[in-house]
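S.K.: Encoded as structure tokens, here's the structure I'll be asking about.
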Amino acid sequence: MRKRQKKQAEFETYLRRMVNRYKKDLLIDTHKVHLLCLLASGMFHSRLCSEPDLLAVTLSLLPAHFCAVDKDRIDQNYLSGLLKWFRATFTLNPSLPCDELPDPRSRLERRLASLSAKTYTEMTHLFLLVLRSLQLFCRLVLSLQPISFKPPSTKGATSASASEKRPTSQGTSKTPTPELKASPGSKRPAGGSSAKGARGGKKPKKKEIKAEDDEEEVKVKASTGQRPKNSKRRSVASKVSYKEESDSAGEAMSDDDDFQATSGEESEDSEGEAKSRKGKTGTSKSKVKVNNKNTAAPKKRNSGGSKNVKEEEDQTWEEGEESDGEEGVAETKTERRRGRKKEGRGADEWLEVYVEKTSSWVCVNVEHGVGVPQLCFKNATAPVTYVVSVDGEGFVKDLGRKYDPNWMTSSRRRRVDEDWWEETLAPFLGPEDERSKREEKELQHKLLNKPMPISIAEYKNHPLYALKRHLLKYEAIYPPTATVLGYCRGEPVYSRDCVHTLHSSDTWLKEARTVRLGEEPYKMVRGFSNRSRKARMMSEMKEENDLALFGEWQTEEYQPPIAVDGKVPRNDYGNVYLFKPCMLPVGCVHLRLPNLNRVARKLDLDAAPAVTGFDFHGGYSHAVTDGYIVCEEHEEVLRAAWVEEQELQKQKEKEKREKKAISNWTLLVKSLLIRERLKQRYGKNNHGLGSAAHSEDAGGLSSDEEVAEAGSKTASETLAMSWPQNRQAEEVGGSPTGLKTKTPTKREKRGQEKHLFPFEKV
């Protein structure tokens, strides 16, 4: 049972691991596809803004003094003046109609005709048309926002569930619970807290109310993790609703006093709370107005008094929600003043213009102005992950290093595999001219001049700096006396160029390098292969580091062995390692001919299989062979013998196919013979060639019908005549066919008995 349970648990763990891996791969693939779609959309809009017709229409709208300026004289002031004219000419009108199936080209034509745009994205495209109509080299910069490839965190789910629970609790506090209603047999309410406040018509003290409010706040914090806004006002309002239910049982005057007193207490508490928050949020005016509304005395109750109280209670709830909304507006204003990024969709498109006067790229944002890359980053949709540019010729460039200040730290973790991203952008990269080289040098200089990170977490996977604590299993710092660039909380910071990857001697052999003699391992770790793990389990030191690692500075190029006397030099396993073409033994050739070892064995020549790699499956690694290694002097002989062997194999296969076909035909003929013999011996009708009676019955028919009937009825008879073996029916008094019969000899009888069934021989 223990073994069965253990096996079941291992199988469940395996299934869970495979499902998680599938989900992870699915998220990564979705992220990649979405990223490519966004990139294709940006390239499409950039190509659309280079249409000659649209450029001609845009050029006709420009004033003459903008077109008369030479390109060498264009600078940042010229771009600022052009942007100022563009803002004055084209207006932003969000109320423009939205087409269900818009054509991007026709939409741009309509925007040019109406001199207006619906969104800032359209404004950016229109200004791109203006720049390209002036023959300026510019490009469209895009901040791509693909779907994240990381699974959603559980924190977000818990916060969402808490936010869903809050309004339900608020809604339930409006209506009294049946447990707190007045009992029918007594004048006191059933609730303990409300009963204490209703005794003798006395007002509850402020200290007691504050203590109750504090207890409710603790309960709310324990359940939801944070305190909701205006919790005091809501808790007091809920108490008022409970007392009003108790009024329906018969206590009118005393409960009326309590209701008025409680509402006064509520106004005092809410005013004090608003004053305490005045210095924090700066929204006391809106709160005081709301609280003054809450302090208004309720009307005297008549027969419909409960309705009035409920209406007033709902009014207090609505006013509290309005105050919450005003608080949120004030908080967003303060966040903008502090420089925080606003949530939601931002301006994810802007432009760059190459100014030949200064030989630099100038950032142009239609909303914020010229030369403000920091504002472009702050107003883009958070978080900024991929920033690419598309020029007029369709070439793409990654500008994340230029606009994203967190590109080397947090942004790299949100990006997909860098190798895949570089390989994807490779076909769309522009030519390496002086302009691009100068820009690359400026970007590299900008990254190097950035200050070093402050926190330890930012050093992980940093492209420029590294800490020893973040080194991987097969990484090490070389040389040991590497220069320390600084310290972070007492830990030395090294350059990323000093971090090298180590390998074992077998792994270096796959790279056509061998460890020099006398070299000591630079680092010792525990091996993960099955052989290493079993060796550790057999020994007493199970936690011993048994795998020696070496650096590239401890290795040298692989020197292939030399073939002597027609013998191929082999390794300990009888193979030849050929991971790289340079590892071919001297005096040998590599022949990729299948089954060459059979030919070499017949000719008594040496041929060794070539191992080109290893495949891991079934829990072990298996060698992958590709062809054979033979000596150069035996190459021609083996090739000719292999060709001759292939011809012989083809001839043998042909003979085998013919033999198989003949045997199949023989089987078919014997089956037909047996079938006809059974029909003649056990058939109901006589299958002779003809009978007089049958021929007489056929009278009265036409010639065509006679031929058809004769053909249909004499098919078996014709078949019987075609096989001499079936002409063996003898009848007493003559043959029905009219042919002469002769008695068979003993030899013929013995031959006929071979075709009989066992039950016929008896």
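Cβ atoms here come from the backbone N, Cα and C positions, even for glycine.
Marked as region 'Disordered' by TrEMBL: 151-345, 684-762. According to TrEMBL, the feature compositional bias 'Polar residues' maps to 155-176, 713-727. Summarising the annotation, TrEMBL assigns compositional bias 'Low complexity' to 182-197, 281-297. TrEMBL lists 199-208 with the feature compositional bias 'Basic residues'. Annotated compositional bias 'Acidic residues' per TrEMBL: 253-271, 311-329, in sequence order. The domain 'Rad4 beta-hairpin' feature in TrEMBL is assigned to 448-500, 502-561, 568-642. Residues or ranges marked as compositional bias 'Basic and acidic residues' by TrEMBL: 750-762.
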S.K.: Pop the mean pLDDT for the domain 'Rad4 beta-hairpin' (448-500) in here, whole number is fine.
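M.R.: So the average pLDDT across the domain 'Rad4 beta-hairpin' (448-500) works out to 90.
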S.K.: Reported in the order helix, strand, coil, what are the DSSP residue counts of the domain 'Rad4 beta-hairpin' (502-561)?
M.R.: 18 helix, 14 strand, 28 coil
S.K.: May I have the DSSP-based helix, strand and coil counts for the residues of the domain 'Rad4 beta-hairpin' (568-642)?
M.R.: 21 helix, 29 strand, 25 coil
S.K.: For the domain 'Rad4 beta-hairpin' (448-500), give the DSSP counts of helix residues, strand residues and coil residues.
M.R.: 10 helix, 15 strand, 28 coil
